[in-house]
Amino acid sequence: MAAAGQLCLLYLSAGLLSRLGAAFNLDTREDNVIRKYGDPGSLFGFSLAMHWQLQPEDKRLLLVGAPRAEALPLQRANRTGGLYSCDITARGPCTRIEFDNDADPTSESKEDQWMGVTVQSQGPGGKVVTCAHRYEKRQHVNTKQESRDIFGRCYVLSQNLRIEDDMDGGDWSFCDGRLRGHEKFGSCQQGVAATFTKDFHYIVFGAPGTYNWKGIVRVEQKNNTFFDMNIFEDGPYEVGGETEHDESLVPVPANSYLGLLFLTSVSYTDPDQFVYKTRPPREQPDTFPDVMMNSYLGFSLDSGKGIVSKDEITFVSGAPRANHSGAVVLLKRDMKSAHLLPEHIFDGEGLASSFGYDVAVVDLNKDGWQDIVIGAPQYFDRDGEVGGAVYVYMNQQGRWNNVKPIRLNGTKDSMFGIAVKNIGDINQDGYPDIAVGAPYDDLGKVFIYHGSANGINTKPTQVLKGISPYFGYSIAGNMDLDRNSYPDVAVGSLSDSVTIFRSRPVINIQKTITVTPNRIDLRQKTACGAPSGICLQVKSCFEYTANPAGYNPSISIVGTLEAEKERRKSGLSSRVQFRNQGSEPKYTQELTLKRQKQKVCMEETLWLQDNIRDKLRPIPITASVEIQEPSSRRRVNSLPEVLPILNSDEPKTAHIDVHFLKEGCGDDNVCNSNLKLEYKFCTREGNQDKFSYLPIQKGVPELVLKDQKDIALEITVTNSPSNPRNPTKDGDDAHEAKLIATFPDTLTYSAYRELRAFPEKQLSCVANQNGSQADCELGNPFKRNSNVTFYLVLSTTEVTFDTPDLDINLKLETTSNQDNLAPITAKAKVVIELLLSVSGVAKPSQVYFGGTVVGEQAMKSEDEVGSLIEYEFRVINLGKPLTNLGTATLNIQWPKEISNGKWLLYLVKVESKGLEKVTCEPQKEINSLNLTESHNSRKKREITEKQIDDNRKFSLFAERKYQTLNCSVNVNCVNIRCPLRGLDSKASLILRSRLWNSTFLEEYSKLNYLDILMRAFIDVTAAAENIRLPNAGTQVRVTVFPSKTVAQYSGVPWWIILVAILAGILMLALLVFILWKCGFFKRSRYDDSVPRYHAVRIRKEEREIKDEKYIDNLEKKQWITKWNENESYS
């Protein structure tokens, strides 16, 4: 049981030490931080309490528990733990408080008793309680019957940390003498938590090990005044009853660690006297669930009036393992029956979150009702990376049933909420504050949260950071240790160190600023020394207030006057300067504020520069102040003086704008403008300044989301009289006219473009840091009858498929009078146009049918069905991938059968290219007859042509018959859905099918041909409703012809043959006659006068060669008209 007791306290242990974070009034400067160190391994700083001793001297101390400190000489042990007293000084160690310096080894053991596991002070001049929850009582030591019981016990010390009266000492061990064993009180572990009530009347103990670690809480009177007044009948009170010891009376589930609640009067003499028992749940007016075993009731404690009733005290106890998530129980006394009744139970929301590990009662909004703060350091949220939580329950005038807590979250694995403490009003704003420890956040952190009229400020005002591990395991506060009227904060750790942070007084410095003259008239110049002849007298005054009212130190400050700070930051030159201060318009002066509400002023002359161009915008002047630290600080009570700090909630500067004298405001010197605004959404072509209006659908502009990076909003602003017949009514110059455009998260300001350049209008647009808002100055003034058109260029990179529309808030502002300047919302609808297209082709596109009819039951392979047709559908995506949008599906209207139920096309197989494995639905439509697939390529005609005796005759003059088959008329179609998962840029689906030959032989053999139409289209399944799919469908046509053998040639009638022969003979005779008449058959003869031949006579001898040479003198040739056969020419 010893091990269990140790785990009871240490399973959330971790961490120590200190340092600064987001600074407010806890002084984190190293010179002002007080650090105290204990012996290594002693767990010095495990528990803390601030104590105010009034006698024998006024002293303020920090009490530090070190439950692993070495034993005192007479304790007969090695480590027993102890309690230390630390003076509030910069140097000097802490002193161990000597008590419990004895031991009886025959009846007790103090080894590892963990004295100092908790420590609490009763308040100024009050008692101190500290406990050792692992203290053991022994019986039959050194025998076989030896037994050990971890009862635990507590010591009460007087204000001077000594044992002086009967109430002091270590007899506070109510479990001793009761039934032993862990089922009852043998592992009581009294003292895991102990506290005093705020009215100093009671002392409260938690014993989470009672009843199988179900836990109890005990309350006893602790007030001498009541004892002296003979008021005895006030307890003790105990959950479960002091005499009954009935664990069923504990109002929380077992294993909750609630501790038995026991209240007893200090003055009782009979231990069975004045006991108030808790009634069984079935007898209680309001039934509450029982707490389970191992719930640890009593693990944390606090109390107060104004929790349920303003007059009755309520005890608050945590049970961090109740119901496996934790619970916190509110308990009250029933004075009539002397019972303790549960008033309310808060349940933890996270499994194993340790809800109730620490509790604090504090009135955060000062409404007179105490609020409850609960730590759950092991709460986690996987999605939000949360590691620990603190729940703040704001009291609704004593009613808790419908209170929804405010949850403060810590970072992952930080154990945020292991310590929660009411630290008092550290900034003296009238509202108490709390501190939350997170020892595993880096080296450990403590978060300071301020109270307010609205309750808790959920953003920490300061974060204290550790310089050694596990800083923030324990926290103490709500007491002024250094006597400056501000509560201080001490932070402990598990690395044997403690840090004290002193609170700095918070002061509010009121700043006023006046300028004379209050307007600049450029026509009135004086000899004041300024280059322009125009001077301004600037005066700023300061005074401070603080709490308490008696705090009146002399404070040195530095006042600063500065003009046109933002203008100079933007790179523009200033239009003014302070006299004798150079070109920078800034003037500083040291001042001393001697006491509260004493006003001190500074004054300087401001010169207007000569030849300034911007005469429309006002000249801003600011006054600010800083506290000046002295070169040497005096010491108070051996500590460095803590300087005051400015209130962070107060404005840092006072501001005034000096305007130029306005013109163009009419005879009454009042400017009544009439600004009007019109807008249109546009697209921008690339990076060019060319804009086109968006199309309008049902009165709303429609943005088609494609690849465009920018859109533009065309804005036109006019300032003209509303009634031309009464032009003096309005339409005056609009001074400081501006347009404020606020954009949704999906749009970001990029730039602005003016339609026409009008220098006198001085249009300029400036966006904030994240581009969510743009301020456009239209002119100062924006004159009468002016108009301007410009474009706000907006980036659409954040517009996604989940963006249904775009809302831009447009608001015109002017310092001139105009009441009708209501904001306008520019709306546009976002349409997602998916660049998906589908096309289809059939291979072959013409097929034949023929042969004989074969029944469905006789078919074993696909070849027996009919001609092969492969449909290929190609899907192309020219846009962005569909991964983040949804799933595209190809829908194919498959012509399965004709209207009488006979097969038309038989789908054999579906294949894909460029996609993940495609599974089309319904699967039963694919090869539903389980035919054997063919692995050979098809020829043009697979069906053997056979003669069919159907008595049909083929006529040359017969009319050609055809029919079109489609789903909407004469075909029963099945919708085949094929998800296109993994579609990137393009993909193909191939549907292998067979023409059902028998159906065509039976139904369509009399037709010359048929067309089969098949339609396919794409749809997208997505959460977005604004999706458009152009060109998302296609149609494929296949033409089917009967084979030639289906229609047999049966001969031509004889009379046609006879007529053809006679017609041919007649035509031949006619042709011969015509040719004869034309002399075609007459033989041609030559005329005698015409020579029949033309030749040259060359005698043979004339061709002879002499001496192998030709004869040079050849004779002239003669023409011959007659041949002489006897002469030789060859």
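First residue shown is number 1, and so on along the chain.
Cβ from N, Cα, C; glycine included.
Given the structure is predicted, the values throughout are model-derived calculations rather than measurements.
The repeat 'FG-GAP 1' annotation in Swiss-Prot covers 30-95 and is backed by sequence analysis. Note on the repeat 'FG-GAP 1' (30-95): its mean pLDDT in the predicted model is 93.
Residues or ranges marked as repeat 'FG-GAP 2' in Swiss-Prot: 101-166.
For the repeat 'FG-GAP 3' (176-229), the DSSP counts in helix, strand and coil order read 9 helix, 16 strand, 29 coil. Under the heading repeat 'FG-GAP 3', Swiss-Prot lists 176-229.
Per Swiss-Prot, repeat 'FG-GAP 4' is recorded for 283-339, and the stated evidence type is sequence analysis.
Annotated repeat 'FG-GAP 5' per Swiss-Prot: 340-402, in sequence order, evidence recorded as sequence analysis. DSSP assignment over the repeat 'FG-GAP 5' (340-402) gives 0 helix, 35 strand, 28 coil.
The repeat 'FG-GAP 6' annotation in Swiss-Prot covers 403-458 and rests on sequence analysis.
Using a 10 Å radius centred on the Cβ of Asp429 (Ca(2+) 2 binding site) and all shown protein chains, the other Cβ atoms total 17. Positions annotated as Ca(2+) 2 binding site by Swiss-Prot: Asp425, Asn427, Asp429, Tyr431, Asp433.
As annotated by Swiss-Prot, repeat 'FG-GAP 7' applies to 459-518.
What Swiss-Prot lists as transmembrane segment is 1051-1076, and the listing cites sequence analysis.
Feature annotation from Swiss-Prot assigns topological domain 'Cytoplasmic' to 1077-1130.
Residues of the repeat 'FG-GAP 2' (101-166) grouped by DSSP class, helix first, strand second and coil last, total 0 helix, 27 strand, 39 coil.
Only pairs six or more apart in sequence are counted, and the repeat 'FG-GAP 7' (459-518) with the repeat 'FG-GAP 1' (30-95) gives three or more Cβ pairs under 8 Å, enough to call it a contact. The most densely surrounded of the binding-site residues Asp425, Asp433 is Asp433 (count of other Cβ atoms within 10 A of its Cβ).
Using DSSP to sort the residues of the repeat 'FG-GAP 7' (459-518) gives these counts of helix, strand and coil: 0 helix, 33 strand, 27 coil. In the three-state DSSP classification, Asn427 (Ca(2+) 2 binding site) falls within coil. A sphere of 10 angstroms centred on the C-beta of Asn427 (Ca(2+) 2 binding site) encloses 27 other C-beta atoms.
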